[in-house]
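In TrEMBL this protein carries:
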type	residues	note
TRANSMEM	45-66	transmembrane segment
TRANSMEM	78-99	transmembrane segment
TRANSMEM	111-132	transmembrane segment
TRANSMEM	144-167	transmembrane segment
TRANSMEM	173-196	transmembrane segment
TRANSMEM	240-258	transmembrane segment
TRANSMEM	279-303	transmembrane segment
TRANSMEM	375-394	transmembrane segment
TRANSMEM	400-419	transmembrane segment
TRANSMEM	440-458	transmembrane segment
TRANSMEM	464-483	transmembrane segment
DOMAIN	495-544	domain 'Cationic amino acid transporter C-terminal'
TRANSMEM	522-540	transmembrane segment
Amino acid sequence: MGGHEGLSTQRLSSATWFSQFCASARRSKSLAPPSSPGDSLVRRLGLFDLILLGVGASIGAGVFVVTGTVARDAGPGVTISFLLAGASCVLNALCYAELASRFPAVVGGAYMYSYSAFNEITAFLVFVQLMLDYHIGAASISRSLASYAVALLELFPPLNGTLPLWMGSGQDLFGGILSLNLLAPILLALLTLVLCQGVRESSAVNSVMTATKVVIVLVVICAGAFDIDVANWSPFAPNGFKAVLTGATVVFFSYVGFDAVANSAEESKNPQRDLPIGIMGSLLVCITLYIGVCLVLTGMVPFSLLSEDAPLAEAFSSKGMKFVSVLISIGAVAGLTTTLLVGLYVQSRLYLGLGRDGLLPSIFSRIHPTLHTPLHSQIWCGIVAAVLAGIFNVHSLSHILSVGTLTGYSVVAACVVALRLNDKKERELSSGWTSSWEEGVICLVIIACSGFGAGVFYRFSASIIFLLLSVGVAVIAAAVLHYRQAYAQSPGSGFCCPGVPIVPCVCIFFNIFLFAQLHYEAWIRFVVVSVLATGLYALYGQYHADTSTLMYQRAPETESDSG
């Protein structure tokens, strides 16, 4: 009998723990600014600062490299590739703009939005996936920055060929298991120091570097415009539209960075007005610069002759304009510096948000009383990136990147729909076994699965019938969302994303379509990281979450609201 009683007690304990875990995971958050002024960041960023922040995060070495790499397959049609990718990012930016305007007083971006729209576990998973992208990306960018810095130094004859490998690309150790690089951690330490001084100082550095690289890109476009041969633009899409579309999936990541503006909500002077303008404005600037570079590059040199490593620099060298090649190297350094600076900035603000919510130790929530920066979070981000960049060849991990970005963008688009769902007609619209809100979420999941299916069918050149079937299922789910649901306008006088729910549905479909184009190891990384993150939440997060602003049940699903 004792054994049976012990077994029953154990089962009961397990059931109780699981019930507690499910209850904790389903909690959502009522977003509000920090209760104490001392816990808040200082609002010092104006509209121009926000636009430069978004441009600084997006325009990096990619403008000098990716354009030529994709052009070798898509031909002059690379211009359309950038235009399509830019249009997709505009739709994503519209979703970000609404949420940034709706929650202008808190940091956290996609993490905070999903915490409010869905639940605690979804928000934590979004954070972990994004943070892995940010950490590996920062380490990789710092190594690239070190390589470009060494290349600039070697322009001086006394230094040419004398600098060791551990200052540039890295020196392999133990048969390539480790790769030593000392310059990258030094550069990370300097940028972390700048960020710790305050948003005014870091914004000034970003503004100067971003302005420098934009001016250089404009000089490149203007200088190259006089050497364009329109005959090089024919045929415009030599390998067909599929190569152009594939190019769009590649260059999509050249625009990633506008979400950095949303993460600066607590430091913006007029967030409800400036955040949407900053997000859209920075993205439009990037689209214009990318298209200009594409037209000049493919007009100067036949696409089949473009270099893969430094296409833009070699194109100008072939025309006898080597001074422009030097400018391009300077622009690449400036571009990588601002991308790295903004990336580290965003990471610290995400850690700050989780520290405040108790999902991470409280040390991440502390604001320095004099500098008004999340000092501990910022230093932690710098240390992680420095360790990765100093001893690992993080470039080899590039094929598992972008998972967090694509899933984060998809969740943000879903948040717009979830938060705008109006359940006042719940009794009339309910299918009987689920609420209107739950029905909407099911439709969003169907759209995401359809996007992944379409991406897989496209990737492996399956029959067009399967591709059309996936698109058809997504269209039906979007139609259900549109015709069976009622949507309330975003509260307040802030920006509202147009075309809800169609615009967010298109975002989700295309983002997950791109997810399916990633290396299969990226899919494995998504599953493994999600499982580990769930375990971390189960062991720590659910017990330490700040429950003062949490809701165990959504207001739209209560009887009073549905009546």
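Cβ coordinates come from backbone N, Cα and C, glycine included.
Within its own chain, the transmembrane segment (45-66) has Cβ neighbours under 8 Å at 141, 144, 148, 199, 203, 206-207, 209-211, 213-214, 217, 250-251, 253-258, 260-261, 264, 267-270, 273-275, 277-279, 281-283, 285-286, 289-290, 293, 309-313, 328, 331-332, 335-336, 338-339, 341-343, 346, counting only residues six or more beyond its boundaries. As a quick check, the transmembrane segment (464-483) and the transmembrane segment (440-458) clear the bar of 3 or more Cβ pairs under 8 A, pairs 6 or more apart, so the two touch. Between the transmembrane segment (78-99) and the stretches 111-132, 173-196, 279-303, the greatest number of Cβ pairs separated by less than 8 Å involves 279-303. When each of 111-132, 173-196, 375-394, 400-419 is scored by its Cβ pairs under 8 Å to the transmembrane segment (440-458), the top-ranked stretch turns out to be 400-419.
With a threshold of 8 Å between CB atoms, the same-chain residues lying at least 6 positions outside the transmembrane segment (400-419) that come near it are 92, 95-96, 98-99, 102, 110, 113-114, 116-118, 122, 126, 129-134, 136-137, 140, 253, 256, 259, 437, 440-441, 444, 448, 481, 490, 497, 500-501, 503-505, 507-508, 511-512, 514-515, 518-519, 521-522, 525-526, 529. Same-chain residues lying 6 or more positions outside the transmembrane segment (111-132) and placing a CB less than 8 Å from one of its CB atoms are 24-31, 99, 103, 347, 350-351, 353-354, 357, 359, 403-405, 407-408, 411-412, 414-415, 418-419, 441, 525-526, 529-530, 532-534, 536-537, 541-542, 545, 550.
Each residue of the domain 'Cationic amino acid transporter C-terminal' (495-544) gets a DSSP state, and the totals for helix, strand and coil are 41 helix, 0 strand, 9 coil.
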